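S.K.: This is the structure I have questions about; it appears just below.
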Amino acid sequence: MCILEDIPFWLRIIYRLHGIINFSCSTSGSFYSRCFTRLCCVPILAFYTYCCSMWLVRRINGSNTTVDKIDLIVSSVGVLSTTVSLLTFILRSNRLKFFLLQLNELKLNYNRKLKNDYLKNSVFVVTALLWSFLLVFPRTFVSVAYYVLPAVIGLFDHLFLSEILEFVRLELVLINEELHRKATGMLSIRTTSIKNTVIHDLKDKEIYFILARIEEITLRHSDLVVLALDINKLFDITTISSMITWLVYVVDAIYYLIHIADISFFDLIFTCLYALLFFLWLPVMARTYRLARKEVNQTSEFVHDIWNQRCQTGNLGKTMLHLQLVSVRLFSNKLCFTAGNFFNLDETFCHIMVGAAATYVVILLQF
């Protein structure tokens with residue numbers, strides 16, 4: 001069973017309809033089932049093509065003001081980003097499925113408990129409100145779909161990545177818990193005064209067994225880190241294109257709210273929700289990377305603390321030296337998420353994006 005089965009069914013349907021998951025969850029499937037999973041995104045692709053053509057016809061027959069020129073640039077970026085994302089979804093599908101199956105093989109025995117994620121729930125609520133404008137205001141059907149769909153595709157792509165990294169994080173939590181028990185047990189054995197030779201030999205064998213288990217756990221930890229980085233690399237192109245879309249669309253929305261004096265109630269509500277969706281996007285992405293990175297670094301720091309406590313007693317043996325080597329190896333496995341090695345994906349990047357958006361808005365207001 002693939003780890004995608006742990007994702008709620010309704011969320012998997014959303015990912016499939018947007019082309020993000022275009023492969024089967026099971027390792028064995030018929031030809032028709034594989035074709036069906038590949039073609040699930042065709043309706044939304046056809047729908048977006050229709051919206052692009054209708055919007056282009058309106059722009060050709062419309063005015064040619066500064067706002068219209070800005071909208072033309074924004075729409076061009078949206079079309080390019082959506083096209084790149086959909087092509088990337090297709091090209092990465094086989095490798096992504098392979099990595100997810102590898103990740104499933106490293107899965108420990110646990111039952112995943114879904115918690116209420118208020119930040120993600122807020123994203124879904126805002127997205128649903130934006131799409132509800134299609135029903136309340138049918139005349140804005142093309143405009144709403146044309147501007148919302150590129151943002152939604154990029155946002156859901158990052159939400160899907162957050163689901164995968166959350167699975168990795170839960171595995172790392174279990175590894176840290178077991179590592180804590182084993183290392184603490186080994187430390188307590190070493191600090192116990194033993195006079196009987198037979199008991200001493202048994203204790204040494206127990207220590208070696210615990211150390212072997214710690215070695216096995218740390219190897220699993222290293223495999224998880226490598227897989228997390230490999231999976232994140234598959235999202236490099238979509239992350240870069242989505243961040244360009246984020247910057248352009250946010251600047252356009254803020255400029256529209258500030259510059260346009262005569263704005264209708266519908267445009268005001270829609271644009272505010274639209275901007276809110278983008279500003280919720282950054283915390284979701286940053287928190288995903290931060291939590292996974294925190295668990296990885298916590299493992300190396302914990303093993304080093306165990307070794308350091310033993311060093312303070314002045315009783316260093318082969319087991320403690322081995323534990324030191326394990327600690328050094330864990331410290332070398334630092335988890336650093338990047339987007340094509342162009343920039344680090346963390347809270348600092350979010351601050352840069354917000355600052356860049358504010359700068360471009362100020363520049364545009366001069367015209």
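Residue positions begin at 1 at the first shown residue.
Cβ atoms are placed via backbone N, Cα and C, with glycine included.
Below, the features straight out of TrEMBL:
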- 36-57: transmembrane segment (TRANSMEM)
- 72-91: transmembrane segment (TRANSMEM)
- 118-138: transmembrane segment (TRANSMEM)
- 144-161: transmembrane segment (TRANSMEM)
- 234-258: transmembrane segment (TRANSMEM)
- 264-284: transmembrane segment (TRANSMEM)
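Relative to the rest of the structure, where do these features sit?
M.R.: Listed by sequence, the residues of this chain that lie at least six past the ends of the transmembrane segment (234-258) yet keep a Cβ under 8 A from its Cβ atoms are 67, 70-71, 73-74, 77-78, 80-81, 84-85, 88-89, 92, 95-96, 99, 147, 150-151, 154-155, 157-158, 161, 267-268, 271-272, 274-275, 278-279, 281-282, 338-340, 342, 345, 353, 356-357, 360-361, 364-365.
Counting only same-chain residues 6+ beyond the ends of the transmembrane segment (264-284), those with a CB under 8 A from a CB of the stretch are 119-120, 122-123, 126-127, 129-130, 133, 137, 140, 144, 147-148, 151, 154-155, 158-159, 162, 246, 249-250, 253-254, 256-257, 350, 353-354.
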